[in-house]
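Q: Before anything else, here's the structure in question.
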Amino acid sequence: MHKLVLIRHGESTWNLENRFTGWVDVDLTDTGIAQARQGGRLLREAGFTFDLAYTSVLKRAIRTLWHVQDEMDLMWIPTRTEWRLNERHYGGLSGLNKAETAAQYGDQQVLVWRRSYDTPPPALEAGDERDAYGNPRYAGLPREQVPLTECLKDTVARVLPLWETSIAPDIKSGKRVVIAAHGNSIRALVKYLDNISDDDIVGLNIPNGTPLVYELDANLKPIRHYYLGDQEAIAASLAAVAGQGKAK
């Protein structure tokens, strides 16, 4: 049996301000740092260790991984930073307050933009200050791979090649892998692993800084999955994530 651990970054500054973030590179809050360190402690106390880590090229995920590794005394393990694990791109919503956007467009429209499988938000215009094309993180990527908006379907389409060519082979080779990423890149992986339908994925939320453990068989099919930590607190965190896109 293989184990894979997924952990969403701790609370970011724009999580705190209830803004759509996407590919904008904001940092962790003090609460987010504490969440990441608690995630590392939970993993250490449960007897986990890792041979290899994956994360995105955005500092809120990278720094979360650092704190997890520090708590586990695993700062030394190899880490792969991969743009394909970035949060989904929120296009023209990037930087906007979610509740204010819901007040303007309605809760249902914002729910569709946030959680539907195949409806992207309005796109940025190329060259907008929020457009990541030309950023050194994405040097060498063609224009078509640096999005101006994405839906979850688009996120799945960029995450799965990384899973198939790198992450899955690493796990099958016996490496113990942890992935520190984002709500929607993790939703993309969970959708694939658990074969969740396009309709049902709307209801899936991922809490900040909470280790999600997958036990996988030899073919990397899930045997079971579970969150580490206080289950009531996790339920409250999931409810808070679900409510972020509603008008106040």
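Each residue, glycine too, has its Cβ placed from N, Cα and C.
As annotated in Swiss-Prot:
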{"type": "BINDING", "residues": "8-15, 21-22, Arg60, 87-90, Lys98, 114-115, 183-184", "note": "substrate binding site"}
{"type": "ACT_SITE", "residues": "His9", "note": "active site, tele-phosphohistidine intermediate"}
{"type": "ACT_SITE", "residues": "Glu87", "note": "active site, proton donor/acceptor"}
{"type": "SITE", "residues": "His182", "note": "site 'Transition state stabilizer'"}
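In terms of burial and nearby residues, how do these features look in this structure?
A: Of all Cβ atoms in the protein chains displayed, 23 besides its own lie within 10 Å of the Cβ of Lys98 (substrate binding site).
Long-range Cβ neighbours of His9 (active site, tele-phosphohistidine intermediate) (same chain, at least 6 residues apart, Cβ-Cβ under 8 Å): Leu28, Gly32, Ala36, Arg60, Ala61, Arg63, Thr64, Ala180, Ala181, His182, Asn208, Gly209.
In the three-state DSSP classification, Glu87 (active site, proton donor/acceptor) falls within coil. Around Glu87 (active site, proton donor/acceptor), a 10 Å sphere centred on its CB holds 25 further CB atoms from the protein chains shown.
Look at His182 (site 'Transition state stabilizer'): DSSP puts it in coil.
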Q: For Glu11 (substrate binding site), which of the three DSSP-derived states applies: helix, strand, or coil?
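A: Note: Glu11 (substrate binding site) is coil by DSSP, not helix or strand.
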Q: Are there any residues in the same chain, six or more apart in sequence, whose C-beta is under 8 angstroms from the C-beta of Gly22 (substrate binding site), and if so which?
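A: Once residues fewer than 6 apart are set aside, Gly22 (substrate binding site) is near Glu87, Arg88, His89, Tyr90, Gly91, Leu93, Ser94, Glu150.
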Q: Please list, in sequence order, the residues in the chain of Arg8 (substrate binding site) that are at least six apart in sequence and whose C-beta is under 8 Å away from its C-beta.
A: Thr64, Ala180, Ala181, His182, Gly183, Ile186, Ile206, Pro207, Asn208, Gly209, Thr210
Q: What are the sequence-distant neighbours of Glu11 (substrate binding site), meaning same chain, six or more residues apart, C-beta distance under 8 angstroms?
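A: Glu11 (substrate binding site) has long-range Cβ partners Leu28, Thr29, Thr31, Gly32, Gln35, Asn208, Gly209.
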Q: With every protein chain in view, how many other Cβ atoms are within 10 Å of the Cβ of Arg88 (substrate binding site)?
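A: So the Cβ neighbour count for Arg88 (substrate binding site) comes to 29.
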Q: Might you list, by sequence position, any residue in that chain lying six or more from Trp14 (substrate binding site) with a Cβ less than 8 Å away from its Cβ?
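A: The list for Trp14 (substrate binding site) reads Phe20, Thr21, Val24, Val26, Gly95, given in order along the sequence.
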